[in-house]
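The following features are taken from TrEMBL:
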- B:22-380: domain 'ABC-2 type transporter transmembrane' (DOMAIN)
- B:21-47: transmembrane segment (TRANSMEM)
- B:166-191: transmembrane segment (TRANSMEM)
- B:222-241: transmembrane segment (TRANSMEM)
- B:275-300: transmembrane segment (TRANSMEM)
- B:312-329: transmembrane segment (TRANSMEM)
- B:359-380: transmembrane segment (TRANSMEM)
Amino acid sequence: MIEVDNLQKAYRKLHAIKGISFVVQPGEVYGLLGPNGAGKTTTLRILATLLKPTSGSAKVAGFDVARESLAVRRNLGIVNGGMKVYDKLTGYEVLDFFGSFYDLWGPGLKERIAWAAELLHIEQAVLSKQVKDMSTGMQQKIVIARAILHQPQVLLLDEATAGLDVFARRALLDFVRQYAELGKTLIYSTHVMSEAEEVCDRVGFINKGSLVYEGRLQEALELGSGNLERAFIRRLEEAA
Amino acid sequence: MKEALKIARKELLTYVREERILLMVLMPLVILPLLMNLPFLLLGHYYQQAENKQQVIAIKGVPQELQHLLQRAKFVVQHSQNPRQAVQERQADVGMVYAEGRYTIFDRNSILNQQRSVATERTREVLQQYKEQVLLERLQSHGLELADLEPFAIEIQKTISEQQQALGLLAMLIPFAVVGLVISGGQAVALEATVGEKEKATIEALLSAPVAPWKLLLGKGLAVVVAALFSAFASMAGFALGNVFVRHNFSTQIEALPTDIRVQMGAWALTSTDLATIFFTSVLFAFFVTSVMLALGIFARTYREANTYLSPLEMLMLIPFLLFAFSDYVQVQDWFFAMPGLGVVVAIDTIVKGSYSPWQLGLTWASTLAYGLLVLFFAFRNFSREDVVFRN
């Protein structure tokens, strides 16, 4: 579960997030939608304890992001479009490296790697290649595998399909639904509305650091006469 | 702790798989021993060849008696109207003219070469022998001996330690090599582990893992210290093994060298206690240097920026080397041992010379540790600050 309450983040004169609040329940995919620079990445980075909030609070899996950062990280996985893993290591070494931080060792780790590889359609032979020798899509799959290896309660995906080809993108979208069905909490942040339409249960529109709309996907679609992009533009225009 | 070890392992694995970086570390291992020994070997070979070769001397006005002495010294004596020209045109190895009570020797070596040629040296020796012979004859005609001209003997002895004498050039090179290679050996790993994570966009994945910042710093620091020490001590091993190998396999060439050059070449004469003391000093220095590199590396946004910060620091590190070059003229004070960088160079120098005092060594160890901890504090602060880690 994710609970965000009046969260704010300011960098000197810039207010990146201006008091947003929302809750995401287990088994739910929450679409955090907004244009570039709206505050999506900052919000997710705060939830991942990479940034500290200026004020307000947020809880991930019951742990406070400001005070219990290590506990939050143990229960969370994050993927963003620009994220990379060590290109000189093999896929297996990358997963072994990150798995060890979640007390995954030996047979337990191997089991988890096999599970993640199956879920993301990664062939075993690919895991023995160095990351630099993999395709962009496969590299992104390793990034995702790293984030889900410990089967976190909460998974944050930020523009996670960036740079993926059509097959890898499809595999990722399928994975998002499957992972939510396991009772996990997901935030899917994107500016590609068609993806959000496909995977999200609820959506929140964020613009200039403020949450301007929140509701079930079906309600949002109705707002835009069956089109999420239209709903998004309409809501942003109303808020302006 | 296991997280820190895992991070250190990852950094080192990345490091050894980077061909360019590995080359930078392995090069000194091969190049330094080669640079140390090859000139001596070539010189020895040259001297040996020159000694075995029958050398041609072009002479003018030289008395018969001296000509016989030259022939006995294996010279081929060639009469010439212009010995200087004969040497210039390479018709003779050396030239000699006697006129108006003065012997002039024509040396073949260029003005840039401070050493006289082997032929010149041998000619001078023969001439000296002839001079003594003439002198003796004259003295004897007056009922005197050569010893009557020397009422006392003069002897100059170097006061440097036996160990320093035995080490020769190595005594001078070891402090430079250790300090220089600790800096250069650790730098590549430190930058890869800090600004490299930023440039390659891997830092977010790492920071989102449940690892405390101090463990991150410890893991990365361990990798840098290991790489720095490996670089320095691999080169030391290279020096030692290269020296032993050359002395064992090329003893003839080394024997052919003049004594002063042979002394310069030196031999590996450090005891295991010296090595352990140098190692401990280097570990502390590596800790200090690693802290500096990590603090700056994580602050920088790009490799270029990191290099901009590190280059002036490396220039600063040259100051100890410059001061050290004047060590024969500067009285080493206790406070030298407490200066960052300089203290380590001076301390290793005294260990190598076998003249260190526990107080001075302790001063270097304590001050280097203190500087290291101080900079480590800044490195830790930088690792914990989001405005530094996500600075772009």
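Positions of Cβ are set from backbone N, Cα and C atoms, glycine also.
Unlike curated entries, TrEMBL annotations are predicted automatically.
Long-range neighbours of the transmembrane segment (B:166-191) within the same chain, counting only residues 6 or more positions beyond its ends whose Cβ lies under 8 Å from a Cβ of the stretch, are 11-12, 15, 18, 21, 24-25, 28, 32, 36, 220, 223-225, 227-232, 235-236, 239, 243, 263-270, 278, 282, 285-286, 289-290, 293-294, 297, 303, 306-307, 310, 314, 317, 320-321, 324, 341, 344-346, 348-349, 352-353. Note on the transmembrane segment (B:359-380): residues 213-214, 217, 221, 277, 280-281, 284-285, 287-288, 290-292, 294-295, 298, 334, 337-340, 343-344, 346-347, 350-351 of its chain, located 6 or more positions outside it, place their CB under 8 angstroms from a CB of the stretch.
Within the chain carrying the transmembrane segment (B:222-241), a Cβ under 8 angstroms from the stretch's Cβ atoms is held by residues 4-5, 7-9, 11-12, 15, 25-26, 28-30, 32-33, 36, 170, 173-174, 177-178, 181-186, 188-190, 193, 268, 270, 278-279, 282-283, 286-287, 289-290, 293-294, all 6 or more beyond its ends.
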